[in-house]
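Noted in TrEMBL for the protein shown:
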type	residues	note
COMPBIAS	28-46	compositional bias 'Polar residues'
DOMAIN	127-213	domain 'Ras-associating'
DOMAIN	215-262	domain 'SARAH'
REGION	28-55	region 'Disordered'
Amino acid sequence: ADCRYTCHQECRSLIQLDCRRPGPWQSQLSPESTLLPPCSQNATQTVEEEKPEPPTIQEIKQRIEKYNAKVTNCLLMKLNEDGTYTGFIKVHLKLRRPVTVPAGIRPQSIYDALKEVNLAEMTDKRTSFYLPLDAIKQLHISSTTTVSEVIQGLLKKFMVVDNPQKFALFKEMRKDGQVLFQKLPLTEYPLYLRLLAGPDTDVLSFVLKENETGEVEWDAFSIPELQNFLMILDKEEKDKIQQVHRKYERFKQRLQQTLKEARGKPG
């Protein structure tokens with residue numbers, strides 16, 4: 001009442017204040033007037049978020065029918081008898097760093113794919129190269145396929161032998177003219193997200209990027225990869241130095257031209 005300290009009623013017994021002498025600017029308020037109604041959440045307890053119940057087969061069926069009605073190509077979703085479903089997702093590859101692949105290996109043929117032949121295991125030689133920027137890969141997956149399995153599947157298709165932990169799958173959303181990225185947990189199901197968002201990739205799309213954890217785990221890279229990083233950094237440094245030189249060289253030329261033109265003018 002004296003110092004106008006405000007707290008919840010259920011916290012009152014935990015508060016100890018020494019304000020016996022009110023100042024002349026403080027009004028005498030009753031203790032009850034400083035109490036707020038009981039809070040719905042106790043300060044000493046944490047409220048667990050209620051997880052939404054999984055959709056029923058009937059709800060999934062309705063969503064799939066609604067989804068397929070919007071599809072403009074043949075990439076439809078199909079419901080299985082056990083309640084699972086299959087469909088297609090497109091993943092944009094936006095990798096800024098080179099990936100490691102087996103050296104001297106021919107592209108995978110249809111025969112290899114059917115026989116599940118792993119060409120990457122046929123040689124110990126490795127080389128690095130940049131994947132095409134913003135390449136798009138289409139995957140046929142199930143509703144039980146996780147983000148971790150999608151990443152591993154993409155790396156296998158491109159015969160990338162890098163550690164899958166170096167990569168992460170993001171969902172890209174467009175809202176109010178802005179592009180938003182959100183990293184997906186490894187246990188998330190991309191096809192379910194696709195089903196909820198609909199087939200429009202402008203609403204939701206998937207992007208494979210480097211797993212930026214803030215702290216680079218250098219132990220996860222091989223010696224050739226680390227040497228490649230040094231070469232890339234050295235090239236970027238030289239390019240940056242040349243850009244600075246060209247910038248100030250143009251500035252120097254304009255300045256000399258201005259001085260030359262000013263010499264023939266009075267004043």
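Yeah, the Cβs are placed from backbone N, Cα and C, and that goes for glycine too.
Quick caveat, the model's predicted, so the values are computed rather than measured.
DSSP assignment over the domain 'SARAH' (215-262) gives 43 helix, 0 strand, 5 coil.
In the predicted model, the domain 'Ras-associating' (127-213) shows an average pLDDT of 88.
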